[in-house]
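Chemist: Before anything else, here's the structure in question.
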Amino acid sequence: MRAFIVLLLAVAASAKLAPLLTQKNRIPGRYIVKLKTGESVDDMISTLANVNVYYKYKTVFSGFAAQLSDRMVQKLRESSAVEYIEEDGVVFASSVESWGLDRVDQINLPLDDVYEPIGDGNGVDVYVIDTGINAGHVDFGGRGFIGYDALGGSGDDCNGHGTHCSGTVAGSMYGVAKAANVYGVRVLSCLGSGSWAGVVEGCEWVANNQNGPSVASMSLGGGASQIVDDAVQYMVDAGITVAVAAGNDDSDACDYSPARAASAISVGATDITDTRASFSNYGPCVDIFAPGVAITSTWIRGDDATNTISGTSMACPHVAGAAAIMLGMDPNMSPSEMKSAMQLKSIADVIIDPQAGSPNLLLYVGEGSGGGYIPEPYVPVGCGGYFNVTDGTFTSPNYPSEYDDDSSCDFVFKASEDEVITVTFNDFELEDASGCGYDVLEIYDGPSSSANLLGEFCGTDSPGIVTSSGNDMFIRFTSDSSITRTGFSADYQFAVPLPPPETGDCGHTFTGINGILSSPNYPSNYGNNADCGFLIQGASGQVVSLTFEDIELEQHTTCGYDSVDIHDGGMTGPILDKVCGISLPDVVSSSLSSMYVRFTSDSSVTRKGFTATYLIQDA
């Protein structure tokens, strides 16, 4: 029999604060507020007095960006309508002070000075979310357009970065997809910087205004931002293929947004020798590499101006252009299908020094296939591990002795498609610090640190029991160079999650695999002279188990006043247990395929009552 997990959600007496997510490069006093599904942003804003709201979001998600005092942030965190709040942060264009086209249409070096792609992107719209566009440049041939300016300007590019990227996407001379339309969506200033709030506004505009086969190109980045990852996901959910720059910090792309967004195509950079560019980020969040060093493309301050610059910003539009070519050939291709198709078509194993965890895949738009592959799940080297069996145990290094200084351990869990992962921490002790700034355990709801962060833990603040929403979980443990502790020990289990529990009032017959039953009025007091029965009916060959989650009945040594009688079979079957008082009884199991639960009260004292969960499973 396959294992099942029962997920019970208890409502606390006092409301839990909505999470406040921080930014490395925060903009003081500015925040982005994400509301829960179904909540009205206009209704929420109407309750806020003297607040400067500078963006409202209704498409990517329901929320707003505003200047907020600490007191107002606290008030919003206490609101049941708020999902989370994130500090607004500074975002930069991903460039560092073309042979690229010549490289991506051939499998092997040396370059042949010819560009012969398999298509031209005709009929596809590409949205370059950047510094705007010099739409009148001759290289666009009337296919370049100003889409939107989130900064309130004209949409014209006063920096050059967005025009350069647009030219690499769709220029008639410098572009990968020479017949695609390209729209400049300005979210960065003349200095090449901006805010996450503006980036989200640009993403929302693209999601609202795309019409037909579409690609978004985001050659920008900053610290990890859940709000930006959510905005990327919304564009993908709208059917838009999104290419993002991996970043220029020569470090793990999983620490940056939108580079870490799992649904996007994250692009690292190579040079003319097929070596990973010295600045390019790397790791399991990178999906593919493309040319990004000394790339010549369109520029500003002239309708025929050009410039030669480097960065993963230059690699990203190569991939956006390739996506336009492939969408032009198959307009119905989904974003996930696009990523897989692009990786399978790519040139395998030619990149020098891609770094651990990175796929050795180089973009290819020529005839046939370069022998590419879908990357296997990241398997950590050293401490940590990759776990794909049903259950087991994992620990910090040296446990139960103290872990080492400067440890970095990744634990990757991969269950079957229909399963979730539950981790139970049995022992937990790390160095303590405000904000977990020294030694820390991070738990992510997905295959890497690009996924949603479930929590950061240190000291003796154990994570307890943590369950994923899907079939992946990623846990990272790091320690600094000083104090060490004994670390942690945990068990994990893969299991099929149960459906929502069946509920019912007195007299209800339960047939679902799991459910919840309670005394009348629970958690308020039940009435006098109650007689309330529940039948739990399984199929032949099954049994029922009943677990009391809470109980408060009138106390009596033989439960002669108020009680719950549990019968094996129907209401006339033998009594398995009779309970009252305030002590939780042991789990009660039937020997037959049904169980009858009868609650009765007398004519005097009343209490809160009880709530219990049941599970039907094979005998």
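Here the Cβ of each residue, glycine as well, is placed from N, Cα and C on the backbone.
Caution: TrEMBL annotation is automatic and unverified by curators.
Below are the features I grabbed from TrEMBL:
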{"type": "ACT_SITE", "residues": "D130", "note": "active site, charge relay system"}
{"type": "ACT_SITE", "residues": "H161", "note": "active site, charge relay system"}
{"type": "ACT_SITE", "residues": "S313", "note": "active site, charge relay system"}
{"type": "DOMAIN", "residues": "383-495", "note": "domain 'CUB'"}
{"type": "DOMAIN", "residues": "506-617", "note": "domain 'CUB'"}
{"type": "SIGNAL", "residues": "1-15", "note": "signal peptide"}
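Neighbours and distances for these, please.
Modeler: DSSP assigns D130 (active site, charge relay system) to a strand. Around the Cβ of D130 (active site, charge relay system), the number of neighbouring Cβ atoms within 10 Å comes to 33.
The number of other CB atoms found within 10 A of the CB of H161 (active site, charge relay system), across every protein chain shown, is 27. In the three-state DSSP assignment, the secondary structure recorded for H161 (active site, charge relay system) is helix.
S313 (active site, charge relay system) falls within a helical segment according to DSSP.
For the domain 'CUB' (506-617), the model's average pLDDT works out to 96.
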Chemist: How many Å separate the Cα atoms of H161 (active site, charge relay system) and S313 (active site, charge relay system)?
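Modeler: Computed Cα spacing between H161 (active site, charge relay system) and S313 (active site, charge relay system) is 8 Å.
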